[in-house]
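Q: The feature ATP binding site is assigned by TrEMBL to GLY30, ASP31, ASN32, ALA33, GLN34, GLY35, LYS36, THR37. The domain 'RecF/RecN/SMC N-terminal' annotation in TrEMBL covers 3-360.
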Amino acid sequence: MELESIRLRGFRNYFELDAAFVPGVNLILGDNAQGKTNLLEAMVYLSTGKAFRTRKEQELIRFGADFADLEADVLSKNRDKTLRAVLFPGRKPRQLYLNGVRQKNFTTMAGELTTVLFCPEDLLILKTGAEKRRKLLDNALCQLRPGYAKALSEYQRLLEHKSRILKDWREKPGLLDTLPDFNLRMAQFGAAVVAYRANYLQKLARLTAEVHQQFSGGRETLSITYETVSTVENPLAPRAEIEGQILAHQEAHLRAEIESGQCLTGPHRDDFEVLFNGLSLKSFGSQGQVRTAAISLKLSEREIFRDDTGEEPVLLLDDVLSELDEGRQDFLLHELRSGQVFITCCEEKQFPRLGGITRIVAGQKME
Ligand code: ATP
Ligand code: MG
């Protein structure tokens, strides 16, 4: 997979940008606040249909601009493809194009440009709240499994609706009659979400353990366990079984949900735990151990993409290298010998000449 070029109009702080890239390592250089992360954000948007730094798409449109237009040329399996998204202020929906043909939604564009993003916050992903870890799973699975993206968005829609019912039922008690139907559908889509996550984590756990073994010179053994709805005995079991177990959990918590006014049960509270030598990394890991494990996790994610799609995903490293000591930098860079990589940083001399260089100043490319 190769991102050959990108064109931005009115995206974030870019008035107009046309940039071409090399197949190997691309350094994106610039001082703080010039637009380096914005450029990666545009790539991720065309890859996932989502902005990774905000939930508000409007923020992506350059202040005062009538629209934001993002377009990328991608080379995948010897074929050229063009991905394009146009965003508008206000309520007008976005427009998506694949090879110039208008698409109804992002589902048909998912997987056309696969990316793995690694940023400084990810170095702490095994230390922070569960939401970040769920996002890691969702982001990977939405790119790799269209069925997952659909199940997840359906589940989230139902969850929002159910949460509103639980909040408002005191004013309108009749709303509670609709709960069983919501629970049933949430158990169906929830079981699909659990099954995809369990499979993905199984692979991720195996690869991460391997990478980590090398990284730590064989001193540490890493293992990952999936934590989902407590009544689910085996998340790898057939979906019908998981569905029944989610329903049982919902029933047991119905009263508590109605009383607390909150949705307390379902895979929207999922997490995974990482253990090193049998100890919880979150509770007992040192800073260095947490970082090392995060790198192993990200490198494994890239490997799964490669195995799964038959192509190396585009790797986006936003400011990560400057956060790492020399030993960890070396390990990471050593693992990047193949595929296309984008590395943002402020200082060119921090790295030996790696590949192509794009210099960004105030949302403009310097020649
Ligand atoms: P750093 O090295 O500090 O990470 P960076 O080069 O990655 O910096 P970005 O985060 O890409 O910087 O760009 C930040 C700049 O873009 C900010 O100054 C911000 O004000 C500006 N910006 C963000 N959104 C918009 C927008 N919608 N319109 C105009 N400018 C914007
Ligand atoms: Mg940045």
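Just so you know, glycine gets a Cβ as well, placed from its N, Cα and C.
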Q: Suppose we draw a 10 Å sphere around the Cβ of THR37 (ATP binding site). How many other Cβ atoms does it contain, all chains included?
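A: Looking across every protein chain shown, the total is 19.
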Q: Within 10 Å of the Cβ of GLN34 (ATP binding site), how many other Cβ atoms can be counted across all chains shown?
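A: That number is 21.
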Q: Is any of ASP31, ALA33, LYS36 (binding-site residues) within Cβ reach of ligand 2, i.e. under 6 A, and which?
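A: Passing the 6 Å Cβ check against ligand 2: LYS36.
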Q: Taking 8 Å from the centroid of the Cβ atoms of GLY30, ASP31, ASN32, ALA33, GLN34, GLY35, LYS36, THR37 as the cut-off, which other residues in that chain fall inside it around the ATP site?
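A: Everything else in range on the chain: ASN38, THR344, CYS346, ILE360.
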Q: By the DSSP assignment reduced to helix, strand and coil, which category contains ALA33 (ATP binding site)?
A: coil
Q: Near ASP31 (ATP binding site), which residues of its own chain have a C-beta under 8 A away, given they sit six or more steps off in sequence?
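A: Non-local contacts for ASP31 (ATP binding site): CYS346, VAL361.
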Q: Starting from the Cβ of ALA33 (ATP binding site), draw a 10 Å sphere and report how many other Cβ atoms land inside it.
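A: I count 11 other Cβ atoms within 10 Å of it.
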Q: Tell me, how many other CB atoms lie within 10 A of the CB of GLY30 (ATP binding site), whichever protein chain they belong to?
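A: The answer is 22 other Cβ atoms.
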